[in-house]
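Asker: Below are the features I grabbed from TrEMBL:
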DOMAIN    23-307  domain 'Gcp-like'
BINDING   H111, H115, D301  Fe cation binding site
BINDING   L133, V134, S135, G136, G137, D166, G179, D183, N276  substrate binding site
Amino acid sequence: MKVLGIESSCDETACAIVEDGKKIISNVVATQIPFHQVYKGVVPEIASRKHAEWILPVVRQALTEANMTLDQVDAIAATNRPGLMGSLLVGLTFGKTLAWATNKPFIAINHMLGHIYAAHLANDIEYPYLGLLVSGGHSIIAKVNGFDDLEVLGTTIDDSVGEAFDKVAKFYGLGYPGGVIIDKLAQAGDPKSFAFPVPKLDKRENNRYDVSFSGLKTAVIHQADMFLKPGYEKTNENICAAFQETACKTLTSRLFRAVEDTGIKTVVAGGGVAANSRLRAILAERTDIKCIFPPLKLCGDNGAMIAGVAYHFLKRGDTSGLDTTACARIPQFKRGLANLEAFGRR
Ligand code: KG4
Ligand code: ZN
């Protein structure tokens, strides 16, 4: 079965066609980065407008690259949550309209189920495993029991890890998006140059696997001089290396706790920050753990991960109504949002 998957939750307008949840026939990602770069961050209004402008050509290109017509597609899927509301609505409404006009099944997809599925597009992975979902909006450690069964063990109590990368890069004028730039600069820096604080989250109110990045972000941005170690220089390279080291160790210390506690020795990563070279290296050092990362081009937002996971819903006969709406947040993915009612599907 061939599923056409649309992704428009943030600043990439993307569409892919995937066969049987595995074979990527085409995968088109139109990035809006140049339009947001000047503002050093995503401007939601610009993002929605660009999605509206690009969605049709991107979907057309995905069909052209697949050498297929819409008739040959079995179902349409689109991300409906979480993400920027205006951005989500463009892809979701486009996908529902396409499904309605062609009388094909429609499947609304949770973006984070897509991110964790990305690794499955290139690997055969058995459930359960521990998922490390690290993106611009989320930092989640989860027990993943199936393609739609993500048990959140820990999450961030404030900022996401990707947000911290982006804010640090913005403050030091390094460019946008920050993650990939910091990753590169860090290679020429010394991670020991600054003793940035590692969050202590063992207090009772916090979960054992929760993470926090706002203190680290403040330390790197506003108090860097305080943490500079004698004999080292305050260069961008050193700041990047020390910040990246602390951010990655914050994530992996909680993840390794979950490994010890659950006895689950397979870890699957997903999301933009899963592209980080230091994070990959720290995990690779743990030879007792099987760590699976998506290929670099599937770490960031793409339609293939959406089409891929949608296939499994379709196979189960689990499709979405055309009244399915979008939802900016998923309460269980963020501490403090647990009391909010979740709207929309899944
Ligand atoms: O998954 P994604 O493309 O979009 C969201 O769902 O948020 O993730 C984007 C995030 C940005 O914060 C970006 O700076 C970060 O992923 N990122 C990285 C790297 N590449 C992208 N962070 C650290 N190291 C990287 N190599
Ligand atoms: Zn994403």
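All residue numbers here begin at 1 and follow the chain in the order shown.
Note that Cβ sites are derived from N, Cα and C of the backbone, with glycine treated the same way.
What's the neighbourhood like for these features in this structure?
Answerer: Under DSSP, H115 (Fe cation binding site) is assigned to a helix (H, G or I) in the three-state scheme.
A strand conformation is recorded for L133 (substrate binding site) in the three-state DSSP classification. The C-beta environment of L133 (substrate binding site), restricted to residues of the same chain at least 6 apart in sequence and closer than 8 Å, consists of M112, H115, I116, S139, I140, I141, A142, A269, G270, G271.
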Asker: Under 6 Å from ligand 2 by Cβ, which binding-site residues from S135, G179, D301?
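Answerer: Only S135, D301 qualify.
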Asker: Quick one: Cα separation, G179 (substrate binding site) versus H111 (Fe cation binding site), in Å?
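Answerer: Cα-Cα, rounded: 20 Å.
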Asker: Counting only residues 6+ apart in the same chain, whose Cβ is under 8 Å from the Cβ of S135 (substrate binding site)?
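Answerer: Those within reach of S135 (substrate binding site), by Cβ under 8 Å and sequence separation of 6 or more, are M112, H115, S160, G162, G270, G271, G272, V273.
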Asker: State the mean pLDDT for the domain 'Gcp-like' (23-307).
Answerer: 96
Asker: In the structure shown, which of the binding-site residues G137, G179 has the fewest Cβ neighbours within 10 Å?
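Answerer: Each of the binding-site residues G137, G179 was scored; lowest Cβ tally within 10 Å is G137.
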